[in-house]
Structures are given as structure tokens and as C-alpha cells.
Amino acid sequence: MKEAEIRRLLAANLLCVFSVILTAVVPPFFWDGFTVLGTHLAWLCICSGGVGSLNVILHLVLKPNLSPKRSSFAHKISRFLKCCIYFFMSCILFHAIIVLYGAPLIESVTETFLLAVLLSTFTTLQCLCMLGPNIPAWIRVFSKNGATSIWESSLQITAMGSVLGAWFGAFPIPLDWDRPWQVWPISCSLGATFGYTTGLIIAPLWIHWNRKQLTYKSR
């Protein structure tokens, strides 16, 4: 396992962390009254768009899972459309799961869907960038010892961190503290963001410390 590849992963992940921070500190310069809590729905849109765009750009530049086969323009268009459909389906699926876990079915539909978009950005979009619309590859990566590269190991950690962060973020909502951040879905989206950024930082460090034990077999 090359140290240079781990450093590339660390640099890419730190850029993603920096992009999350920018979504909170830059908009107030152009939008009076903008705050992560006060205008949370707007922040959800900005964070999803900003982080998603950077992920796409990073994967186009770094090409961590570049296939040696050349594909036609028609194939690339078909792949892009499939990715868009898969991302939308992921948003619907996350929305349904969040409702099944207790979110309002009729009320706060916009809030719930934007949380689903954020979770899809932190998880599904990364899978689409790295693996494409290939469900068997997704299943392989998230199975035990299924990763074939440090990028896929990082994908495992950040995706799980995002989902667990959103889940833990739901715990304070029913408590009678009457805090502004307990309004749906602020604590869940902040938990997902914290889990995502924590995963981005932990992943390259964990891979570096365990690089002698990690063996990746090509499939």
C-alpha cells in the first residue's frame, strides 16, 4: 500500500471537510440572517449541493477507480442518467426509512426529504462516483472484507458514519429541553454531517495505522 495514495485520500477527505465548513461560514456574507439553525432548510440545500459537487469534481480529477476500458459517449450518457435515477431513488428510500423510524408522514415533508437528500449525498453519491450504478459492486464493498482499495475502505467508513450520526442525532428530539436545535430535522442533519466529517478524518488515519494488516485483492 503506497503512502502517496493514502496522502491523496487524506487530501481529498480534508477538502470535503473544508467544503462542509464553508457551507456554514460563506453564505452569511451574501445572505443577511443566514444561520445553520435559523435557515436550516437553506443550509441543507447548500450543504448537499456544495459537498455533492466537490465529490464529483474530486472523483473526476483523482479517478480512484478508473476502469481501463474506454467507453463510448453514448455509454457515458447512459451511465450518467442511471446515476441520476439511482440518486433520486436513494432520496425516496431514505425518506421512507426516516418516516418508518418516526418522522412525520404528512407534516414536515420538505424537511424530511431534504434530510434524505443530505444522507444520499453523504452515502449514495459517493458510491455512484466511485462504483457507478453497479449494485453488486455496492453490496461487495459493504460486505465483510469487500473493499479492494483504500478509497473503498474510506467509502465504508464515511457512509456508516453518516447513517449512524443521523440515527444518534434523533435521540435528543423527544426530550423536553426546548432547544432550537431540537426542531426537526436539525439534530439529525447535524448528526449526519458530524458523522460524515468524522469519518472523512478517521478513514485515512485508520488505514494508515492498519496498512500492514490491510490486503486488497482485485476482483
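Cβ coordinates are placed from backbone N, Cα and C, and glycine is handled just like the others.
On a predicted model such as this, the values are computed, not experimentally measured, just so you know.
Listed features, source TrEMBL:
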- 9-29: transmembrane segment (TRANSMEM)
- 41-62: transmembrane segment (TRANSMEM)
- 83-106: transmembrane segment (TRANSMEM)
- 112-132: transmembrane segment (TRANSMEM)
- 153-171: transmembrane segment (TRANSMEM)
- 183-209: transmembrane segment (TRANSMEM)
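Between the transmembrane segment (112-132) and the transmembrane segment (183-209) there are at least 3 Cβ pairs closer than 8 Å, counting only pairs 6 or more residues apart in sequence, which means the two stretches are in contact.
Taking Cβ pairs closer than 8 Å, the transmembrane segment (9-29) reaches residues 35-36, 42-43, 46-47, 50-51, 54-55, 58, 62, 150-151, 154, 158, 193, 196-197, 200-201, 203-205, 207 in its own chain, all 6 or more past its ends.
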